[in-house]
Protein chains: 2
Amino acid sequence: MRTVQVELGDRSYPIYIGPSLLPETGSYLEKHGLTKKSTHLIVTDEQVAARHLDTLKQSLESQGYTAVVSIVKSGETSKSLAVYEEVMTTAIQGGLDRSSAVLALGGGVVGDLAGFVAATYMRGVKFVQIPTTILAHDSSVGGKVAVNHRLAKNMIGAFHQPELVLYDMDTLQTLPAREVSAGLAEMVKHGLIRDAEFAGWCRDHASELLSLDREALAYGLERGCSIKANVVSADEREGGLRAILNLGHTIGHAIEAVGGYGEFLHGEAISIGMAGSAMLAVKLGRDASIYPETVSMLKALKLPVVLPEHLPTDELIAAMKHDKKFTEGTMVFIVPDRIGEVSIVKDIPEALVREVIEELRRKEPEHV
Amino acid sequence: MRTVQVELGDRSYPIYIGPSLLPETGSYLEKHGLTKKSTHLIVTDEQVAARHLDTLKQSLESQGYTAVVSIVKSGETSKSLAVYEEVMTTAIQGGLDRSSAVLALGGGVVGDLAGFVAATYMRGVKFVQIPTTILAHDSSVGGKVAVNHRLAKNMIGAFHQPELVLYDMDTLQTLPAREVSAGLAEMVKHGLIRDAEFAGWCRDHASELLSLDREALAYGLERGCSIKANVVSADEREGGLRAILNLGHTIGHAIEAVGGYGEFLHGEAISIGMAGSAMLAVKLGRDASIYPETVSMLKALKLPVVLPEHLPTDELIAAMKHDKKFTEGTMVFIVPDRIGEVSIVKDIPEALVREVIEELRRKEPEHV
């Protein structure tokens, strides 16, 4: 088993990565001091519940824990205030108190939703992440939790760190290919922003990663979590540095908002966004190789790099202006300086962003 | 002008108490470094808007600030997730960003609602309190913000400290008598938990307080805020000590929940609750004078001390079990040891609570 420690002072916590962890959840909760006197809440989605809920429940019961369960629909549409209220109702009716914990069993959607419930139920209770997707290696580090407003993604949320993260590799084995790729988008992103060698490793081991080879996956998740943990430790509440984690997210979030949250997986949208950021970098005078190199890495992981025709530029720009990175009237982008290093660039002219969007829509360049 | 400093490390903030502060809001925002580049949000209710919104808007405009406004219905029913979502919509459509602030112009309801918006909009933006009720002297200290769930009060919330509190005494002069009394309930509560002399002062100056004498009111607010600030400084997130501020709230919240949030003002409900806690204290063996003394102080401030007939005991008990103070299966009460001192008592038998509720319903005892 591998352990990544996220260092955040008295909010520090470990991420356990390994096989056969889910059936041991009860023991881990005990190890981390969660009370058996209070009822806990499991939040999961329909697909994950069908595969893993019984294992989790049995593990809790065997250690003397009691829990109520809230099963939400699979997909981004569950990150709504309406679903949030339903989960709150289950928590209240289940009698959760201030010593209770909310356990998120699932991917990023479940983690974000359950985390926001944990952050705000009785002004905050304990939170445990049990990610079942590769994408969730990203959202399980750093304590960002949120639901969507119909006008913009992740607009309503909090910072709320988990007590522990249990990353059972076995739960990843049933992921559909599209979700595997989408998850690897965040993994390679961590290389692109801080570790050129790791970005190269992701490309070179793309076939192992795509076929869910346990060794490659365990290393990739550990490395991805570690890079993110370092950034978050330095800037928990996104005063500055942490924003670099948003590489590809300005355009990516706009694609999700305009396409509707169902059309693109988050990882697919930010893959197109990262291609766009790389193109922007070249337009801003960075080395011309950044764009084709970035695109080749993304394509190796079977990720999209071209913007679909049916998303109007004006709507994408309007959505970007609702983005949280749009501050004090200027457009902010995370721009690669080279592979493995990025800058936060403010005051990007809107015309340049339009140019990038238009070019992203064309067939990919010949030289890629 | 009087200033109470709430000491919370890097989240410390001042409460300014004095006349003619509202027209100076713009200057105070500038003094506290709020940006003029971003749009801010004013949250207020219909009644307060009619009296004070223009003054606030003019003050902001005169200093070069821009703000959008969300006006909610007056009353506790606005502390709902539905209204919260509406205010969020106004914030997004108004283009608030991470440098924006949410200004709460109103009483406790507006403060709690606007504060929860500030705590969770884009995972947290700045918050400014401009209380217009006496009751709000309590909620403006300590950063507790929340909305109600239909099953229980303040169940959904956060801890989010304001940047500053502007307490303009002039805005209190138009308060209806019933709201004046209800506000004084929290004031005398601060005496009852930590300062017997101040509790006595409240009783002895009841007529000045009830007639909104500015000198008496300014002193009472300063003292009330100071006591609360001391408690909150020692225990910001209610690990232990801070719970003493909940004197009267276990029964009080149950009365509000069962009566419907419209029937009782919060201060009225906790007044009955404080009478109940004093009765419980005597039943637990504390000095028999605690109950009549407490009741006489509350009555001096024209507050109710008798539980209405139409609230069924079973429903009140059930509501208490949804209370946040109900932890790990035991009933927790804040119990007076004497006037000016309280203890947090766990494991109060349900039968004893029932006894208190039944007795609270009878006409007040002869000896009071």
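Glycine too: its Cβ is placed from the backbone N, Cα and C atoms.
Straight from TrEMBL, the features:
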- A:71-181: domain '3-dehydroquinate synthase N-terminal' (DOMAIN)
- A:74-79, A:108-112, A:132-133, A:K144, A:K153, A:171-174: NAD(+) binding site (BINDING)
- A:183-325: domain '3-dehydroquinate synthase C-terminal' (DOMAIN)
- A:E186, A:H249, A:H266: Zn(2+) binding site (BINDING)
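Annotated features taken from TrEMBL, shown on the structure.
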{"residue": "A:S74", "record": "NAD(+) binding site", "DSSP class": "coil"}
{"residue": "A:G108", "record": "NAD(+) binding site", "DSSP class": "helix"}
{"residue": "A:T133", "record": "NAD(+) binding site", "DSSP class": "coil"}
{"residue": "A:T171", "record": "NAD(+) binding site", "DSSP class": "helix"}
{"residue": "A:E186", "record": "Zn(2+) binding site", "DSSP class": "helix"}
{"residue": "A:H249", "record": "Zn(2+) binding site", "DSSP class": "helix"}
{"residue": "A:H266", "record": "Zn(2+) binding site", "DSSP class": "helix"}
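When the binding-site residues A:E186, A:H249, A:H266 are screened for a Cα within 10 A of the Cα of A:G108 (NAD(+) binding site), the ones that qualify are A:H266. For the pair formed by A:T77 (NAD(+) binding site) and A:H266 (Zn(2+) binding site), distance between Cα atoms is given as 12 Å, rounded to the nearest Å. Geometry remark: A:H266 (Zn(2+) binding site) versus A:T133 (NAD(+) binding site), CA distance 12 Å. Around A:T133 (NAD(+) binding site), a 10 Å sphere centred on its CB holds 25 further CB atoms from the protein chains shown. Taking the Cα atom of each, A:T174 (NAD(+) binding site) and A:E186 (Zn(2+) binding site) are about 19 angstrom apart. Of the binding-site residues A:S74, A:T77, A:T171, A:T174, A:T171 has the largest number of other Cβ atoms within 10 Å of its own Cβ.
Within 10 Å of the Cα of A:E186 (Zn(2+) binding site), not one of the binding-site residues from the list A:S74, A:G111, A:T133, A:T171 places its own Cα.
The Zn(2+) site is set by A:E186, A:H249, A:H266; from the centre of their CB atoms, other residues of the chain with a CB within 8 Å are A:L135, A:D138, A:A185, A:K189, A:G248, A:G252, A:G267, A:A269, A:I270, A:G273. Neighbours of A:H266 (Zn(2+) binding site), defined as other CB atoms within 10 A of its CB across all chains, total 25. In sequence order, A:A104, A:Q129, A:P131, A:A136, A:S139, A:S140, A:V145 constitute the residues six or more apart from A:G111 (NAD(+) binding site) in its chain with CB-CB distances below 8 Å. Take the CB of A:H249 (Zn(2+) binding site) and look out to 10 A: across all protein chains shown you find 25 other CB atoms. In the shown protein chains, 24 other C-beta atoms lie within 10 A of the C-beta of A:E186 (Zn(2+) binding site). For the pair A:S74 (NAD(+) binding site) and A:H249 (Zn(2+) binding site), the C-alpha distance works out to 22 angstrom.
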